[in-house]
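**Student:** Here's the feature list from TrEMBL:
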- 47-130: region 'Disordered' (REGION)
- 54-66: compositional bias 'Polar residues' (COMPBIAS)
- 95-107: compositional bias 'Polar residues' (COMPBIAS)
- 229-262: repeat 'TPR' (REPEAT)
- 268-301: repeat 'TPR' (REPEAT)
- 550-583: repeat 'TPR' (REPEAT)
- 718-827: region 'Disordered' (REGION)
- 736-759: compositional bias 'Low complexity' (COMPBIAS)
- 772-786: compositional bias 'Basic and acidic residues' (COMPBIAS)
- 812-827: compositional bias 'Acidic residues' (COMPBIAS)
Amino acid sequence: MMEHIHLVPSDDDDLYSGYNEYPSVLNTKDFKDDEIIQEALRTSVGRRPPISLKPTTASRLGTSTGFRGGTAMRPFTGSVDGVNRPMTAVRGAGYTSNRVGSGSSQMFDPLNQAANGPAPPLEGKKEDTPEEKIKKAERRIMQLIEESCLANSSGDMRLALERAKEASTKERSLIRMQDQAGLSETHNLDLTFSVLFNLANQYAANDMFSEALNTYQVITKNRTFNNASRLKLNMGNIYLKLSDYDKAVKMYRMAIDQVPTTHKELRIKIMHNIGILFVKMGQFTEACNSFEYIMQEKPDFHTGLDVIVCYYALGEKEKMKRGFQMLVEVPLKIDDEDKYSATSEDPAVNLALEAIRNDSLRHLERQMKQSAERSILTAAKLIAPVIDDTFSAGYNWCLETLKTSNYAFLAAELEINKAVMFLKQKEINQAVDTLRAFEKKTESKVVSSASTNLAFIYYLQGDVEQAKKFSESSRQVDGYNAAAFVNLGSCSMAEGDLEKAKDLFLCALENDASCVEALYNLGLVNKLLGFHEDALDCFLKLQAIVRHHPEALFQLGHLYQLVGDVDQAIEWFLQLLGLVPTDPGILQKLGEIFESDNDKQQAYHYHFESYRHYPSNFDVIDWLGSYFIELQVSERAISFFERASVIQPDEMKWKLLVASCHRRAGNYQQALSTYKEIHRQSPENIECLKFLVRLCSDMGLKEAADYAIELKKAEKAKEVRSRVGSGRPGSMRSIGSAHSSRVGSGSAAAASISHPGSAVAAEFPRGTTPIIEDRITHTRAGRETLDASYSDPLGPAVERPRTSAGPRQILEDDFGDDDVGDDLLPE
């Protein structure tokens, strides 16, 4: 056995030197005599795991030469150099004798940690610390500020204010938390500024100006906020909304003092606000100083127009001229427009040009150009009448100034404006001469515009041929001019060619779908042609383009009335009444519609409103008087008929109606006085004499006989006049014609009395009264007189209060005597 033992070389390079040096506690030679160890071994043997090839503790504690007190030989490892080494030497470092292949899944585990399972997860940070709570609160506050800004941008001002208030509340809670934790020095001032600034903005957006001003004052008074004084600009805007101009100017000046000179744009904007405030306060000199400062620093069209307006208010002619010259010298800062119409043989270049023709930059340039043109033309129209002795001379000076500037292309349009101003001043001939001067111009659009205006002038003058000539000329010069087609269509309507007018209006709409004049005229043409549905479509489209246009609303209501849709007609007329609540014609129209619908109460309401706004409409007066007579309340009808008699003092029918109302109400003495007054004004009035005879007889007055004699004379004179006017005196033909004349239509006085309030009854035969479409009139059908010798001032029996009695009973009630009533019955 000893021959297999190899001693370790004792040289200095021994790898296992000091291996046998171990403490005495680890000595195992006395293990057999130790009772405690032996007892432990006896009691734990049964529970020990099965013996494996793994070296035991006893073997690991042996020496390099063999086992102490052991019975087995210690295994050895192989060595390339022929030296066998104990296994324990490498096992302590984690090596084993088992070979591990390159494809094995066994891990290198020198500390034997795989047996204990995976490592426990790392312990997270505790959120209970004050620092973490503060950071979390700050994140929540910033989130609320963002939500408030987003709600404001979307138009929900109420939600924006709620979020701003919640952020302010949480920010105050954060300050208290920091004070309690002793972290006041770590407070974020930018967060506080953001909260207060957003809260002030939301207050202002919700028109809570007092709260907004208080919040801004809190910010501006805090010295720790940088550049907080610039918020005086926002405070000035709020004072401007409150119309407190003095405080607004003060705030603007305090703000401009805090803005450095390097921020030139902001300073100019604040100065412009100050100038506008001076204009509102009427201090035009100070306003001129502000605007002149801007024109020197950075001129623009808006400010140039403002300074000219101030010069105009001060009456400074020379300054107005100098201001206009400064205005036309302002650079437009727009690239050459030829590039938008340029073409190239390269397809790529053409695609690029097509892309930039309608891009956002092109739209911006158009807006800038339109603003410049509007400012220059407005200034010229403002100062032209006052800068020289005559209106024409002032316009000529403006034209010369424009032609020598970079805006010479506006001279032609200014000349057209000159012609329009001549029209406004009723100088038609000069306007025509100015427009005719454009016939020799080469610009197609200018010539077309001038011809259109000439056609308009001639059409208003009634010269349809000349209007048609210039409209055709305008169409030939510019085939896409919708106004030219509208004028041609109007001329065709005036000539009665409705079909051609319709085609021309359709052509105008094809060239310009938003031409409201063509759409309105097309609706009128369809209405005249009887195409009510097509007309409704036109006016509904017009209503969608031009909201709440009174003429369109009236046409819609009238068209629905024509097609029989009363509910829709009432709806549109009510909308129209909301726009023009004092229009008596619309009120009367609604009253007639409700009357046709048998709604007397609503009919009375709208007729009375029409009478209240225009008490001179005899149709409305007639309707209101008849309404109260039908209700058997004659006393209330008297006031309306008296109003009509005041307006038409020579018309006896109104006074006869007043007297008849007194008689119906039982005021016989007042009725008698009224009849006597009528008799003094018109002694030959037969109806008045009949009632005088009747009343005097009932009251037992001696004047009855005198009035009876006058009545017979008046009747004989009337009969003689009728015979002389109808044929040969005394012949049966003349008597028959006179009788038929009395029975059919009656005399002029009888006809006017039999139809009270009708202004055309005496001019046109019954049933042929013209109906005027756009005039709202009140007509009553079915009124007939009883006889030429008798005409009740209250109208025929069919219009009297409804009773069970017939005409005979009504006459008896009127006169109270059967004999007299029989004499007055028709033959």
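The backbone N, Cα and C atoms fix where each Cβ goes, and this holds for glycine too.
A TrEMBL annotation is a machine prediction, not a hand-curated record.
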**Student:** By DSSP assignment, list the helix, strand and coil residue numbers for the repeat 'TPR' (229-262), in that order.
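**Tutor:** Across the repeat 'TPR' (229-262), DSSP assigns the residues as follows: 27 helix, 0 strand, 7 coil.
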**Student:** In the same chain, which residue numbers or ranges, 6 or more beyond the ends of the repeat 'TPR' (268-301), come under 8 angstroms Cβ to Cβ?
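**Tutor:** Those are 233, 236-237, 240, 245-246, 248-249, 252-253, 255-256, 259, 307, 309-311, 313-314, 326-327, 329-330, 371-372, 375-376, in sequence order.
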**Student:** Please work out the helix, strand and coil residue numbers for the repeat 'TPR' (268-301) from the DSSP assignment.
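**Tutor:** Counting residues per DSSP class in the repeat 'TPR' (268-301), I get 28 helix, 0 strand, 6 coil.
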**Student:** List the helix, strand and coil residue totals of the repeat 'TPR' (550-583) as derived from DSSP.
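**Tutor:** Helix, strand, coil within the repeat 'TPR' (550-583): 27 helix, 0 strand, 7 coil.
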